[in-house]
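A.B. asks: Residues annotated as region 'Disordered' in TrEMBL: 1-49, 142-170. Taken from TrEMBL, the feature compositional bias 'Pro residues' applies to 158-170. The annotation domain 'PWWP' is assigned in TrEMBL to 182-240. Per TrEMBL, the feature domain 'PHD-type' maps to 315-447. For 543, the entry in TrEMBL reads active site.
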């Protein structure tokens, strides 16, 4: 009895790979995705309970590179959607390039990567494609091995001479001359399951034995699994009206996914194009495809669906796609924006993912996901002590060259493509202005359009008066400290804070000049009227339930996430009435690593898009945060002042030597002090590694020395206060333009 066989699984390994670079598995990614989309499941009675009802698509990117002979080689890269898929689904990537002769593989062995489960079907040095059939924990892509003569970087290729080109597929319809040769699109059926679209593949792609006489190996669209099916239970894909099941299409997500993939491949072969639809969903894109299939795949019919006889040549160059024409992350050709670090684009789905998790870091201080695709089941960590980036093995093998990840593993230390010289590495090329592009990427994330905030005229010096401030979730009074450092006259500073240690710091360091009030949830309109009017409202609600680093987060509408709405409520109460003509400013801060939907909801309530500011530009530590507000010049370039300490060494006490120029994001957790993949302490003293002292942490954040040294607090408690605080140089940068509106000493 024929059985459905799962695609081969790549080994799960953790720790050091090889003798050089380090490879890690991102187990928390499953938690992230499960919380991001929920654990959507559906029971599929017709095909068994092991199928997951989540959408994935095959995306085709046709890259053409010039060969030595002057011909043009077409390489098809097919990938699936990646980081937003829930962990409860195991998505299998089915990769087929039907213009290549797979029959040739029956007599020519091909290598297989033991670490990732990637099967490499080597056609020749210029003509090959990888078929990835391992389960998808993250974005995993088949690998195209090609070479551009213009590249200055040499890809990794086999040393032996390339084999002769394969014969055309039309000469080998099948091994037993019973039809349904390798590469044909078919309908197939096995016992217990309904008719399902698939493609005939070589037995080598399955990792199993050869098919018995009268049987064919099929790879099913939708999940990428393999089955050995009798030719009696196969029919051509052109019998679409006969086998298409409208009921299954309506009920089962996986069936819709399979139909979409099959018709997308059929349209690609038949060179059939369809009008662009505004929606990104496959259901909307597949409607014209269904009409085309039910109508008999006209005008070419069955002939147009056959595999191409000559996969190697294409004399036209009109379909050449530059990197900017497709998504570097998933290969989709409909790009929504540019990739901020490398030449290329990002589709809308991958852009949302990038916005969410590009500033997400693990406990070791490295990025949680790949710098290129923000995915990756296995990643290589940069060996540069001052770099916190990682690259997944798939992006290296796809974009740099076949075997690039294996070669990188053998280098110790391996430096990533953000640290290496500016040049081409395969098709991966770092932007020369990536720092500016990164800022532009976050600034231009205008998923929603809002009216420009009201611009207030500068107040003449003689008419300026002291500022009145309402600070919600005040922390350790960073706002008051910065206002005083800038020389503002503060009329009154009302602070809402519930942490007793934070209140102690504010009371002691500012000698009672801050008026502390009760819980923000208990502040009423009457209180605002009594304490006001206010000129500046600032705050940053707790990020625990918003940060995607927290697998148990509850989101914006539950837990501490709901405190944002308290800020919004009190901001609305504090705003001047329409009849009042006076400058009024506000600012709200939160973590960058939050869900896109949460960020857009916050923007929708505050009626403005955030500005992303990383403290690395004005301090010795990374600290990326979103800032919403109407402060003048929030988008202006950051410029460090003479008092800012930009290097870690500048923050250390005498006799201590910094091992790193800058440190990673310092959080409330003690291990966030450790640096690098080997978890080194950042300081050397008397020939031994040492942690950062509390006074040094205060300098890194821009606070005065011993600022948090009150109430006999220990080191851990002081680090927690600092880990929740704002970076003083960043707040100084944001508050500085207010000097044109309020009195200063």
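Glycine too: its Cβ is placed from the backbone N, Cα and C atoms.
Where the annotation comes from TrEMBL, it is an automatic prediction and has not been curated.
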A.B. asks: With helix taken as DSSP H, G or I, strand as E or B and everything else coil, how many residues of the domain 'PWWP' (182-240) land in each class?
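C.D. replies: Summed over the domain 'PWWP' (182-240), the classes give 8 helix, 23 strand, 28 coil.
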A.B. asks: What count of other C-beta atoms do you get within 10 angstroms of the C-beta of the residue listed as 'active site', across all chains shown?
C.D. replies: 22
A.B. asks: Would you mind giving the whole-number mean pLDDT across the domain 'PWWP' (182-240)?
C.D. replies: 88
A.B. asks: Provide the three-state DSSP residue tally for the domain 'PHD-type' (315-447): helix first, then strand, then coil.
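C.D. replies: When I sort the residues of the domain 'PHD-type' (315-447) into the three classes, I find 37 helix, 20 strand, 76 coil.
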